[in-house]
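Annotated in TrEMBL:
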BINDING   Pro32, Asn33, Gly34, Ser35, Gly36, Lys37, Ser38, Asn39  ATP binding site
COILED    174-201  coiled coil
COILED    651-678  coiled coil
COILED    714-762  coiled coil
COILED    860-924  coiled coil
COILED    972-1020  coiled coil
COMPBIAS  314-339  compositional bias 'Basic and acidic residues'
DOMAIN    510-620  domain 'SMC hinge'
REGION    314-346  region 'Disordered'
Amino acid sequence: MHLKTLTVRGFKSFASATTFEFEPGVTAVVGPNGSGKSNVVDALAWVMGEQGAKTLRGGKMEDVIFAGTSGRPPLGRAHVSLTIDNADGQLPIDYAEVTISRTLFRAGGSEYAINGNSCRLLDIQELLSDSGLGREMHVIVGQGQLDRILHATAEDRRGFIEEAAGVLKHRRRKEKTLRKLQAMQGNLDRLEDLNSEVRRQLAPLGRQAKIARRAQTVQHDVRDAKSRLLADDLVTMNNRLAQDIDDESKVQAQQQEATDRLERVKRHIAELSAQIESVTPRLGQMQDTWVALSTQAERFRSLAALARERSKLLESNETHFDSSRDPERLESQAERLSEELEELEEAVEDRHEILAEAVEAKEHAEEESRAEQQRMAAMLRAAADRREGISRLASQVASARSRVDVTRAEIVRLQESVQSFDSDLELDQRSHDDVSADLETQLAGETDLNEAFEIADHEFSTLAQAQQADVQRERELSVRVSGLRSRLEALKLNTKPDDQSSKLLQSASTELLGRLGELMTVNPGYEQAVAAILRDNAEALVALDASSAARLLEQLQADEASAVFLHASGNADQPSTPSLHSAISARDVVGSEDKISALLDQLFAGHYVVEELSQAQAVVAEYPAAKVTTLEGTTFSDLRSSVGDAAGASLIAQQAMVEQTETELNECQRELSLVEERIAERSPQLSVAQQQRDDALSALTESDAAIDELSSYLARLGQKLRSAQADKLKLIERLEASNEKLEIEQESLEEITERMEMASTDQEEETIDDAARAALADAAAAARQQELEARLALRSSEERVSGLRSRIEGLRRTAVAERNHREVAARRAEQRKAQAANASRVEQAAERVLRFIEVSVSMAGQEREELASKKAELDQMLSNQRTEAEQLSAELARLADAVHRDEMARAELRLRIENLETKALEELGFTPDHLIANYGPDQLIPEAIDEDDKWGSLRQNVDEEGNPLGTKPFDRVEQEKRLKKAERDLSALGKVNPLALEEFAALEERHKFLSGQLEDLKKSRGDLEQIIADVDAHVERVFTEAYNDTAVQFKRIFDRLFPGGEGQLVLTDPEHMLTTGIEVEARPAGKKIKRLSLLSGGERSLTAVALLVAIFKARPSPFYVMDEVEAALDDMNLGRLITIFEELRESSQLIVITHQKKTMEVADALYGVTMRGDGVTTVISQKMERAGSQ
């Protein structure tokens, strides 16, 4: 057997699923400090059942779950599974591989499993202990384990050897068995006490049984006297019932006669109602016809008047047209202007040609004078100007300055207009922006108003729905309250006592407490059972005592009335009803005041209540003297069984129904009050919510209107801005044209001014051809002037053409619009004429129809009056018949009340007869016929028999027919005295336990049973003690052998690890091998000390290893796990320990956590454990054989 695989997930630093595959031999787990190597050892110990958090290097068991890192969240559970190769069958389970798993949840739950099947921790511990792997975990040597072994007590060291020897589980089981024996001793003591108590109760119960046997003879007289008195009551009641039935037929005949008369009257009423029903629709129809005709007449009058007024209005409306807007004249003007446009366009073409000629001439003249322009142009112009004269130049200068001034004035005017447009545009833009801002504000407010309206509407809807639901609930509750009140009145009427009883109860006599059913309370659900037990006693009156009852009876006899009285004092000597574990005492479900408690104890003595009939049968079978009643009212006893129907008619059941109805009525009234309060409280809230919703809707409507108005105004402002911007663009174009004209005029002015200044100088003329220069200058100036004038004329002509074209288009559009308008007006005039004619025809037709309708109105009014008169006559007849019907109904009600009272009296009489019959069945076990036939007043009564002679009735002399000799007739007074005497004799016997005989037999049987069980327990205890002794002997033998083997191995191992030293194991108490401890003595070579505490760290570790290896060799285990046990050893001692490891490898599997290279060298497989920055352990593996081959 060896460990095969270990799978770890969520355990400590192993966040992800990690699997270790182990093989026989030595497996070394290496890695840096803190990488999680020791967590492998903890995982092995944990999955094998370790429960100590400190052993697992934690503060609590939850610490073994992966707690998370900066890069990974914590996990919710830790899971470890260990697979063991069980091919050799060392584990007591029929599997070649055994997988043990353990799961711990962060919430605190844990799960264990063996081969996937859920199990307990104890199951895993028991499975491993059979192979030497116990709870002490000596095969797993973790960090600090060596120090724990060194500091362990002598008893703890004994535990290591016991675990290796496989006897630790026997010790645990022995301790558990001893604890159970201690608990058994307490039960045994209690059983002996119980047996003594039963033995003590046998003697008094035997005496009670003897008294019960004596009481049976006296009860015979009581039974016979009760039977005869009860038979007499039955015969009397039956005779009264027969007389009442004879009287019933007379009243029924009167009732039938009144019923026939009432039926005839009802038929007449039905006929009259049918006639009225036939007349009423006709009257209503005629009334509707009259109203409809009157309405139509009024409508046709209004129609005629309206048609007359409309005709006048249409005839007075005539269309007049403006002659100045004649489309023909407009088109004629457009044609004339078109001809002018053609002439202007031809002139424009001519202007273009003139301008082209002027430009060509100017370019030609400038080309001729360009040669002498730089030096001689001024002199030539001056000479020419002097020849022309300064006056001419001055006039040209004045003319040019005038043109410049005019142009400048035009520019100033245009600039002012542009500025004015800018100011207006700025104002309009500001207004536009303000209106836009107002619109945005209004739209934002619209959202708030929408939300406010939705909130108000939702609140109003919620309140309205709640109010509607409460109103509906109020109606339902009102109907329910009305029904419950009617039901309560009917129930109270049925439970109303007879007149004589009512008089007694209303007399407020201190001797009369009330009716029994009203003086006691019954637990819910037990009403039918209690009613079946009490029968007619529930309606009996309760007097203080027998003397009070006698006085009240005398009062009733004087009034020739009857009643049943019970005595509140009861029978003080009445025995208590014994408690039964399988049934409830009937007395326990009934409550009352103390003054009738004794009476109830007597009435319910010996009565029990169960749920089902099968339970009643079981109780009676066990206790024959018991009288058991089910919750449905079925009574079952040893002598008789009956199904009672008095529950529905008895006072208790009816009283319970009254109380239940009153409770329901109070609850409905309370709920109705709450609903009405909620409706009243919610009404003002609903009004306020409706007002808030209306206000919100009004505000929303006003906001919509304001938004529409602002939107329209904003659109008008936008159109105005666009028009103003278009006008401004036109002004800017004109301003640009004026600026260009000003530049041209200024250039001309500057040129003429320069010429005039040069003409005024006194420079000498050059000897040049003045005439030629003058001619060239004049030609150039004239050419430029002609070009300027041609340009101005061309622009003026173009502007006239554009204006004239616009005017022509406007005239034509106006003509078309005017023509369309006149066509529409003509059509409307024709329509008005036709409408006027139609209105006139409608007026005439309406007047004709009106005359017919007025005649129909008159006829309908006359017929309506006739039908109204007929209906009034029928109503009077119907009223008279209904009055007669009410009188007959009252007579029938009186007769019905009489019949009802008689029926109630007969029902009460029948109920009393039934109660008597039920009483005969329950108390005597006789049917009514049998009771009357054998114990009736016509039957003779035999002479009395000696009470002490129980066989006297058999020895009594009889005649030929079997009737006893020496009989006498029935005398009620004598029989009542006989009954009282028998009851006194029965009372003289004292308290009689009716179940004493059965209880005595049952208690005697129980005493025998308990005695036998007590002997069996004592024998079983002796057997367990003998088994414990055998287990102790086995444990002592096995431990002694294991200890001796371990001591021998320890000495050998110690000699090898400490050459020249001495080491041995010593028992602390050799005389008692079951409790002795084990001490370790170690003396290295060259030292005289033997105490472990005085050794060096390496020596102490090596000594602990020697002890463990000795245990391993003495009782080998399938595997061993060691966590850095060689960390404190030098190379020499390490080599010795490795030699021992190699020896252990031959028989066991070793898993070693190490940092030593020598240990790694002897390993068959290496597992490398590391931890990166994420705080999660990762593992790599390598088989040493593969490494050697590579």
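Placement of Cβ uses the backbone N, Cα and C atoms for every residue, glycine included.
Neighbour list (Gly36 (ATP binding site), Cβ cut-off 8 Å, at least 6 residues apart, same chain): Lys12, Ser13, Phe14, Val1169, Met1171, Thr1177. Same-chain residues with CB within 8 A of the center of the Pro32, Asn33, Gly34, Ser35, Gly36, Lys37, Ser38, Asn39 CB atoms, the ATP site residues themselves not counted, are Ser13, Gly31, Val1169, Met1171, Thr1177.
Mean pLDDT across the coiled coil (860-924) comes to 79 in this model. Residue environment of Asn39 (ATP binding site) contains 22 other Cβ atoms, counted within 10 Å of its Cβ in all protein chains.
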